[in-house]
Amino acid sequence: MANAKSSSLPSWKNPSGKTLLILLWALALALMALLSSWADMPWLSNGKLLIALGFTALVTALIGMAVVPMLVNLKASQVIQSDGPQSHLKKAGTPTMGGIFFVPVAVAIAVVGTQFNPDVIVVGLVTLGYMAIGWVDDWQILKYKSNKGLTPKQKLFLQVAIAVIFCTWLFFYGPTEITDIRIMQFVLPLGFLFWLVATFALVAESNATNLTDGVDGLAAGTGAIAFVGLGLLVAKENPALAFFCCAMAGGCIGFVHHNHNPARVFMGDTGSLALGGSLAAVGIMTGNLWGLLLISGIFLAESLSVIAQVGYYKATKGPDGVGKRLLKMAPIHHHLELSGWTETQIVGSFYLINTLLAIVAMATA
């Protein structure tokens, strides 16, 4: 009934995947246009940020045209959960591990484009580190043809390990005021507590983007908008990392060219863990954890929906060991699917919400 109802909706209420790709481009460029009033930003006036976005998107889309068929030939197909939305069963056979081509491309372009800037190299290594964790997880899933890759403890250990290495580097080579968090016009000195917050942010953000990757074009599109927003926030103080963010945004948009509904490839944990780790690393290095929190509102909502679902189920568990569910299914995008929303309605709505969050983050920075 939900499918029949959605198919009869006007096209503007039930957009196609290609329409969402155009919307994503429009939103990303509109956000960048907000920088036009910042005349003291040479990296904007000479077009470097726009070039980073557009060039990376083009290269990623072109490389994807070669890599996606290779993933199909390698039979790197996503294992679809039988207890998920029934509409997802038709996705069986779609290759995964798409992060293997768009993440390294974006990092490489950012490193070369900033003339091997040390900050970009370090953040790039963090990004590739989280990508490697995701790749191992994806490979295990494909190898054993199940949804069980790395165990939660193994994945958490590796995520924390990379976070600790990154924080150790920042401790010795980062700015002295790195432990201060700016919240609008206020400065909150955290001291040693900052390193615990930073480690948590890296692990939580990478897991949050991973949870968001459940609908065609969702994680990559919201990731692109988040990277553009974060790039705008850090452009004045660290133009090199702004370039990195725009390159990552371009990589995400180039990937959406292949991942919009109906998806020809999924990013897998290879891509989704890298997105969160990358966003968090930039936010931590530039002291923009408050801005990161706002820009990551969609990812935060996805994570909180899972936490609430699990917590409510355990709290209401009866003698028979069965509890009640707060949502029809978690994360929240699956709840919306089971409530009659189409994938493209969810994705389009989340794109718009994430754009508003990015604007709020800039306004309160």
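Cβ coordinates come from backbone N, Cα and C, glycine included.
Annotation source Swiss-Prot lists transmembrane segment at 19-39 (among others), citing sequence analysis.
Away from its own ends, the transmembrane segment (49-69) comes close to residues 28, 32, 35, 43, 95, 98, 100-102, 105-106, 109-110, 113, 228, 231, 235, 242-243, 246-251, 253-255, 257-258, 264-265 of its chain (Cβ-Cβ under 8 Å, at least six residues beyond either end). Taken from Swiss-Prot, the feature transmembrane segment applies to 49-69 (among others).
Packing against the transmembrane segment (92-112) from elsewhere in the chain are residues 52, 55-56, 59-60, 63-64, 67-68, 71-72, 74, 76-78, 80, 120-121, 124, 127-128, 131, 134-135, 138-139, 142, 220, 243-244, 247-248, 250-252, 254-255, 258-259, 263-272, 274-275: each is 6 or more residues past its ends and has a CB under 8 Å from a CB in it. For 92-112 (among others), the entry in Swiss-Prot reads transmembrane segment, with the evidence type sequence analysis.
If you look up Swiss-Prot, you'll see 116-136 (among others) marked as transmembrane segment, on the strength of sequence analysis. Beyond the transmembrane segment (116-136), the same-chain residues lying 6 or more positions past its ends with a Cβ under 8 Å from any Cβ of the stretch are 97, 99-100, 103-104, 107, 110, 149-150, 155, 158-159, 162, 166, 169, 202, 206, 210, 238, 240-241, 243-244, 248, 268-274, 276-278, 281-282, 285.
Taken from Swiss-Prot, the feature transmembrane segment covers 156-176 (among others), and the record attributes it to sequence analysis.
Taken from Swiss-Prot, the feature transmembrane segment applies to 183-203 (among others).
The transmembrane segment annotation in Swiss-Prot covers 215-235 (among others).
Within the chain, the transmembrane segment (238-258) has long-range Cβ neighbours (under 8 A, six or more residues past its boundaries) at 20-21, 24-25, 28, 32, 41-43, 48-50, 52-61, 63-65, 68, 98, 101-103, 105-107, 109-110, 113-114, 117, 119-120, 123-124, 127, 217, 220-221, 223-225, 227-228, 230-232, 264-265, 267, 271, 275, 278, 282, 285-286. The transmembrane segment feature in Swiss-Prot is assigned to 238-258 (among others); the stated evidence is sequence analysis.
Look at Swiss-Prot and you will find 279-299 (among others) tagged as transmembrane segment.
The transmembrane segment annotation in Swiss-Prot covers 345-365 (among others), and the record cites sequence analysis as its basis. Beyond the transmembrane segment (345-365), the same-chain residues lying 6 or more positions past its ends with a Cβ under 8 Å from any Cβ of the stretch are 6, 13-15, 20, 23-24, 27, 30-31, 34, 182, 184, 215-218, 221-222, 225-226, 228-229, 232-233, 261, 288, 290-291, 294-295, 297-298, 333, 336-337.
Looking at which of 156-176, 183-203, 279-299 has the most CB pairs under 8 Å to the transmembrane segment (215-235), the answer is the stretch 279-299.
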